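Written below as structure tokens is the structure these notes are about.
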């Protein structure tokens with residue numbers, strides 16, 4: 001049966017929406033290109049609130065070392081403007097460009113930057129797996145994720161073999177930590193009261209733990225991760241690094257931190273890991289602190305859309321899942337904890353505290 005649309009105006013709205021979704025990969029490609037060219041940094045490092053397009057074209061450089069074509073640069077900047085990442089103006093009949101509040105999260109050498117997340121998510125090794133999403137939808141939870149079928153090994157195994165991939169992953173996690181740091185420290189204030197030792201399970205290069213021991217110097221901090229991760233980790237004051245398999249052994253501490261770890265696994269693996277964490281903390285006053293996404297299926301905000309995008313990413317690339325409040329309740333109860341609380345913070349993840 002033919003569907004009759006309400007009006008020409010409504011039909012154009014529907015067509016525009018579909019065309020934007022058809023070309024959805026353009027957003028990621030443009031974002032990656034802008035970072036590779038150094039567009040945001042060029043504007044910021046100029047020391048001026050805005051620069052002309054001519055100035056920008058003389059500053060930025062392509063990875064191939066070839067010169068920039070001003071007309072093509074303008075077309076790229078025009079699209080970045082539609083993404084609210086660049087503001088286009090005019091001065092003395094010449095186009096000018098300036099940063100927006102959003103693009104300030106895409107600068108290098110800043111306290112808050114998501115550049116490394118962009119580069120990791122948009123790299124060829126990640127992008128090629130999206131072509132197999134339909135296969136991922138039909139893959140049972142007990143089978144390897146599509147990433148492993150495409151590349152022959154899972155992401156962690158590849159990280160152990162290829163230093164550049166290992167750096168890409170860990171730099172992305174450090175990048176996320178830089179953005180969530182203020183909310184994390186604020187949200188953990190009461191939670192860490194009375195905690196003298198904390199171990200970050202799967203804590204990568206230790207950026208999160210470094211922030212915590214700096215904010216709470218009374219805490220003895222440690223990070224446990226795979227040997228190839230620990231070997232590449234930089235020295236951090238007040239942070240001890242431990243090589244090991246988090247599914248086999250976790251050192252004892254007053255509290256355990258799991259930041260963006262459980263979303264990489266299905267429930268069975270998560271329960272096993274949470275039980276290990278429960279054994280590592282005191283039964284009377286121990287805490288297992290989880291930083292992970294909490295999805296609200298009834299919320300249609302841009303934040304929820306971002307969370308759902310990450311849910312499909314971990315499904316397709318890692319074989320894990322993002323979880324709702326009910327999912328977290330069931331998971332924590334299955335792991336034998338007596339109670340838990342979910343604390344929203346001003347960041348993508350929430351803080352979930354499980355008590356033995």
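Glycine is no exception: its Cβ is also placed from the backbone N, Cα and C atoms.
Annotated features, as they stand in Swiss-Prot:
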{"type": "ACT_SITE", "residues": "263", "note": "active site, proton acceptor"}
{"type": "BINDING", "residues": "173, 177, 202, 225, 245, 246, 259", "note": "S-adenosyl-L-methionine binding site"}
{"type": "BINDING", "residues": "176, 260, 261, 262, 263, 264", "note": "substrate binding site"}
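Locations of recorded Swiss-Prot features on the structure.
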| residue | record | DSSP (3 states) |
| --- | --- | --- |
| 173 | S-adenosyl-L-methionine binding site | helix |
| 202 | S-adenosyl-L-methionine binding site | coil |
| 245 | S-adenosyl-L-methionine binding site | coil |
| 259 | S-adenosyl-L-methionine binding site | strand |
| 264 | substrate binding site | helix |
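Nearest by CA distance to residue 176 (substrate binding site), out of the binding-site residues 225, 245, 246, 259, is 259. Note on proximity: of the binding-site residues 173, 202, 225, 245, the one nearest residue 262 (substrate binding site) is 202, by Cα distance. The Cβ of residue 259 (S-adenosyl-L-methionine binding site) lies under 8 Å from the Cβ of 177, 200, 202, 203, 208, 290, 291, 292, 349, each on the same chain and at least six residues away in sequence.
Around residue 264 (substrate binding site), taking its Cβ as the centre, 21 other Cβ atoms fall within 10 Å, counting all chains. Rounded to a whole value, the Cα-Cα separation of residue 264 (substrate binding site) and residue 246 (S-adenosyl-L-methionine binding site) is 13 Å. Residues 173, 177, 202, 225, 245, 246, 259 are listed as the S-adenosyl-L-methionine binders, and the farthest two of them sit 22 Å apart at their Cα atoms. Closest by Cα distance to residue 245 (S-adenosyl-L-methionine binding site), from the recorded positions 260, 261, 263, is 261.
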